[in-house]
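Visitor: I am attaching a structure below and will ask some questions about it afterwards.
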Amino acid sequence: MVNLGVKLKDLSLKNPVMTASGTFGFGEEFEDFIDLSNLGGILVKGTTRHHREGNPYPRMAETPSGMLNAVGLQNKGVENFCKDIYPRIKHYDTNILVNVSGSVIEDYVETAAMINELEHIPAIELNISCPNVKEGGMAFGTSCASAASVVKAVREVYKKHLMVKLSPNVTDITEIAKAVEAEGADSVSLINTLLGMAIDAETRKPLLSTVTGGLSGPAVKPVALRMVWQVFNAVNIPIVGLGGIMNAKDAIEFILAGATAIQIGTANFIDPQVTEKVVVGIEEYMKRHNVQDINDLIGALQIQ
Amino acid sequence: MNYLCLDLFLTDIILLGTMKKLVQDFEVLQRKELNDDHFVLDVKALEPLPEIRPGQFVNVLVKDSNTTFLRRPLSIHFVDYERNTISLYIKKIGDGTKKLGELKEGDSLNIVYPLGNQYSIPNNANTLLVGGGCGVAPLLYLAKHLKEAGNNVTTLLGVRSEKDAVELDAYKEYGNILVTTEDGSFGEKGYPTQHSILEKEKFDYVFTCGPEPMMKAVAAYSAQNNIPCEVSLENTMACGFGACLCCVTETTEGNKCTCTEGPVFNINDLKW
């Protein structure tokens, strides 16, 4: 038996496979397809202090080897999550993480404080990188000072594992990673979507209602891998890698680049069973390479 | 009539709540070319088909296309439980649907299904089905269910030209079939909402699927005549089962997923 278990500081995962927020609903949407207890963790939808309707349709455009989205954090707010959704999903035998987003620091703080009280939520992922909200969101994650200020404020009220999701839409992602580490982040997840756009030449119109949106899928994987590797060489906290992972081979590449765990996002739309397949595929890879412990692969990239 | 409708609606919700979504490989039995750009694909399930309701859809995986990344959502055109097959009515639009048009007997097709809600099925009513273009896809299976529930069924298809007026015999099995063509080469000339039947006959229910301008015209006709009307929307979607929140439509109760809370909506719930 090989060991697939990893630890993000104090947070133990039975295997490194998690789901990316905004691609996995509340987990319930996938119960027909997979056994959630086979996953290391699930990230539920981006949750904000107040109800958000999200952006107008159209919110999605297919692009070469990927897709653009402009959902805009549609959700019913943290109170609805705590009251209606949490009781439905708290029994899942996996780590349930809530992705927390906001427009102003007070919203992040209040949302995180409420989720801190939920017994079966061992961690939050602080989303300072959503490209699809007008104010806040990505703006927090694109400067060291604002990223540090939101992490510092949330750290004061949130006592469990604090993961911070980083934006790739920056000049140097290692500077942001170091800034959030200094303010007490327990781990970083990267990358969120890359800001992009798509145009219909025939109609001369943008394909998204918001003109620009977030690019995900295999198209972003090389960028994501590069950033995981750069951040791995810059910080001491664990890294959760994501960006275009479609199969176990992709997942292994992120682990070799320095990720302790990985998240699968867009691939869930194409194959709702992909997460379970990646867990099995990682195990097969380890057997094939005679690796007993997944932890031996973290950052094991051989440069020379 | 409204009370009857509500009863049906509640029953449907209970029924849909127990419908498990599946991801399965199907085997292509045959591909029937209908005209230059439309074809019907009959695919056979390897396990017994679950209950599939009219208006539901599938999300199919397209292989070997460089430009197709996501699955393609397609209306369920017909279900044959004896043959254990689903029929898909497909228009070749982009590379994805063109690749589907190259599938041969024996090929494999991966399908996520059954997805979405369903059209309401009244009893013993005079029903009108209006389809345009590729939007005719779900109407054949709907016509079958409506007839089985004792309804009188009139299907009105709006197409460009005579060559697009296909499968008329199939609709005749379940009721009356009428056609409008834009060029007047078959049936009555014009759009479906200009057909003379709308002046002559009084309908109790209207069901429609097709291009949005056509559905809006059908919705306007229904609203003017105080006839309950359900439309099936075709928004671009990534997952098809409520995870991505991309395919939303604006309703009187806010944004709703077309894939899970639709694709069938009562026009009173839409902000049209």
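Every residue gets a Cβ built from N, Cα and C, even glycine.
Keep in mind that TrEMBL annotations are predicted by a computer and have not been checked by a curator.
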Visitor: May I ask you to find which of A:Asn127, A:Asn295 TrEMBL records for the FMN site already listed with A:Ser21, A:Lys45, A:Gly46, A:Asn99, A:Lys165, A:Ile191, A:Gly217, A:Gly243, A:Gly244, A:Gly265, A:Thr266?
Guide: A:Asn127
Visitor: Looking only at Cβ atoms, how many others are within 10 Å of the one on A:Thr193 (substrate binding site)?
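Guide: Cβ-Cβ neighbours of A:Thr193 (substrate binding site) within 10 Å number 29.
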Visitor: What subset of the recorded positions A:Ser21, A:Asn127, A:Cys130, A:Gly243, A:Gly265 lies within 10 angstroms of A:Gly72 (substrate binding site) at the C-alpha level?
Guide: A:Cys130
Visitor: If one looks at the chain holding A:Gly243 (FMN binding site), which residues at least 6 apart in sequence have a CB under 8 angstroms from its CB?
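Guide: Listed in sequence order, they are A:Pro168, A:Leu190, A:Ile191, A:Ser216, A:Val220, A:Lys221, A:Val223, A:Ala224, A:Leu225, A:Met227, A:Gly265.
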Visitor: Determine the mean pLDDT over the domain 'Dihydroorotate dehydrogenase catalytic' (A:4-286), rounding to the nearest whole number.
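Guide: Looking only at the domain 'Dihydroorotate dehydrogenase catalytic' (A:4-286), pLDDT averages out to 96.
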Visitor: Among A:Lys45, A:Asn69, A:Ala70, A:Val71, A:Gly72, A:Leu73, A:Asn127, A:Asn192, A:Thr193, which the record lists as binding substrate, how far apart in Å are the two most distant Cα atoms?
Guide: 16
Visitor: Of A:Ser21, A:Asn127, A:Cys130, which recorded positions come within 10 Å of A:Lys45 (substrate binding site), going by C-alpha to C-alpha distance?
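Guide: A:Ser21, listed in sequence order.
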Visitor: Between the Cα atoms of A:Gly46 (FMN binding site) and A:Cys130 (active site, nucleophile), what distance do you get, rounded to the nearest Å?
Guide: 9
